[in-house]
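A.B. asks: I'd like to ask some things about the structure below.
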Amino acid sequence: MEFNLTVGMNAKVEKVVGEVDTAQAFGSGGVKVFATPLMIGLMENAALKAVDPHLPEGFATVGTHLDVKHLAATPVGMTVWAVAELLEIEGKRLLFKVEAFDQLEKIGEGIHERYIIKLDKFLEKAVNKGK
C-alpha cells in the first residue's frame, strides 16, 4: 500500500514544565528538572503528529527505536518544545530527526524510528498476546 508521506514532513509540540514533569516526580531521578522520559515522549509525539494525520483511516505509527541525548536541564515553569523531521521512508519504516529545546537552548537531540501499522491487526495481536 502507498502512503502519502514525504521526506521533510515535520511537526512541533510544546508544553510548560510543571512539577509533575520533573525527574523527581516521575521517578527517573532525584532532581526537580524536566525528566528525560518526558522529553523523549515529547519527541515521539512530534514525530507522530508529523505523519499520522496523513495516513489513511485505520493506520497509525508506533515507535520502535530511539537514540537520544539529553543535553541540558530545564527548570519548572519554562516552556519546552520538540520538533521532528521525517528523514527517510523505507516501506513502512520511518526515520526521524528529533530535537528538543527550552527557551534558552537545545536540550535534546536524536534519531527516532517508527513503523506504520494497520490498527485492527496490531490491536488484535496485542489483545491475544499470551492467550
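Each residue, glycine too, has its Cβ placed from N, Cα and C.
Predicted, not measured: the structure shown is a model, and the values here were computed from it.
Annotation source TrEMBL lists domain 'Fluoroacetyl-CoA-specific thioesterase-like' at 17-118. What TrEMBL lists as active site is Thr36, Glu44, His70. The CoA binding site annotation in TrEMBL covers Gly63. Per TrEMBL, the feature substrate binding site maps to Gly63, Arg114.
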A.B. asks: What subset of the recorded positions Thr36, Glu44, Gly63, Arg114 lies within 10 angstroms of His70 (active site), using C-alpha positions?
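C.D. replies: The recorded positions close to His70 (active site) (Cα within 10 Å), listed in sequence order, are Thr36.
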A.B. asks: Within 10 Å of the Cβ of Glu44 (active site), how many other Cβ atoms can be counted across all chains shown?
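C.D. replies: The answer is 22.
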A.B. asks: When DSSP states are grouped into helix, strand and coil, how many residues of the domain 'Fluoroacetyl-CoA-specific thioesterase-like' (17-118) land in each?
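C.D. replies: Result for the domain 'Fluoroacetyl-CoA-specific thioesterase-like' (17-118), in helix, strand, coil order: 26 helix, 51 strand, 25 coil.
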A.B. asks: Could you tell me the C-alpha distance between Arg114 (substrate binding site) and the residue listed as 'CoA binding site' in angstrom, no decimals?
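C.D. replies: Cα of Arg114 (substrate binding site) to Cα of the residue listed as 'CoA binding site' measures 4 Å after rounding.
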A.B. asks: Quick one: give me the count of other CB atoms within 10 A of the CB of His70 (active site).
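C.D. replies: So the number of other Cβ atoms within 10 Å of His70 (active site) is 19.
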A.B. asks: Reported as an integer number of Å, what is the Cα distance between Gly63 (CoA binding site) and Thr36 (active site)?
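C.D. replies: Counting only the Cα atoms, the answer is 17 Å.
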